[in-house]
Amino acid sequence: MSSAPEIEQSDILIRMGSILNSEMEPMKKRFRALFTLRNLGGHAAIDAICESFTSSSALLKHELAYCLGQMGDRYAKPVLEQVLKDENQEPIVRHEAEALGAIADPSAISVLSQYKNSAIKEIAQTCELALQRIEWINSSPDVCLSNGDRTIEPVPPHPEHLRQLLSIENLEMILLDCTAKLWDRYQALFTLKHIGLESDGSALLRHEVAFVLGQLANPVAMDVLQRRLCKMDENCMVRHECAEALGAIGNLECRRILEQFLQDKERVVRESCEFLDSVHKGILYFHIH
């Protein structure tokens, strides 16, 4: 006999799956349902998410694949492989082959190898990174995948002993070098993400790294920026720059985060969030440092 919590979770799964798969529901509500299913996990949640790959929204399908990768469950692999193979799917959706790299099942190597030379550059590069990640994980059995937040990243940051040898300037130079290998550029990005905002020694350094992450406007930095913005004892200069960086990323989740700080006790943080909120409602935004 099922327990009350199990029955309640089953009801939530059914309800969230129904919302996610309804074209009649507003997109923001469908995204909330998706994130709820991602957090619940399990095969039933994955099945509900996979049903929505028939949606007409490329953005939603992109997020579906991303969430499946973040769940890290091999059960989703066959559907993700089909999405990659489906040439009727938009490139922004197929590029989420990144999710196969996040799951890191070696049996995905065959299909990823097939598409690493795709004529669509974003798909080819994503498959290349996913293949390298699978190789990295399987050649390093003692590797630690924890990165201080809940995000599975497509490329690992440099290990601790190397981070101490790299300056922010070094990492930024590698990141912006168009001739460098894509893996190396990504590794610089994620190293920057991890060392800078977690540095206890200098608020100025943390502020500068938040600014660089904002200039890149890459969603991969969302979790660490949110965590630092939420840290109420952090220097207000750092928190303000984290808010600015989230505003530069500018997706729906960032907007939701910023709305939580419209009444912040620190005026500089509050006013940053007020300004960014007005921007996201239709006013042109210029990132100011």
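Heads up, residue numbers simply count up from 1 along the chain you see.
Placed from the backbone N, Cα and C atoms, the Cβ positions cover glycine too.
Source: prediction; values computed, not measured.
If you check TrEMBL, you get these features:
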- HIS62, GLU63, HIS95, GLU96: Fe cation 1 binding site (BINDING)
- HIS207, GLU208, HIS240, GLU241: Fe cation 2 binding site (BINDING)
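On the structure: features taken from TrEMBL.
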residue	record	Cβ contacts under 8 Å, 6 or more apart
HIS62	Fe cation 1 binding site	ILE92, VAL93, HIS95, GLU96
GLU63	Fe cation 1 binding site	PHE31, LEU34
HIS207	Fe cation 2 binding site	ASN235, MET237, VAL238, GLU241
HIS240	Fe cation 2 binding site	GLU266, VAL268, VAL269, SER272
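Take the binding-site residues GLU96, GLU208, GLU241: by the count of other Cβ atoms within 10 Å of each Cβ, the lowest one is GLU208.
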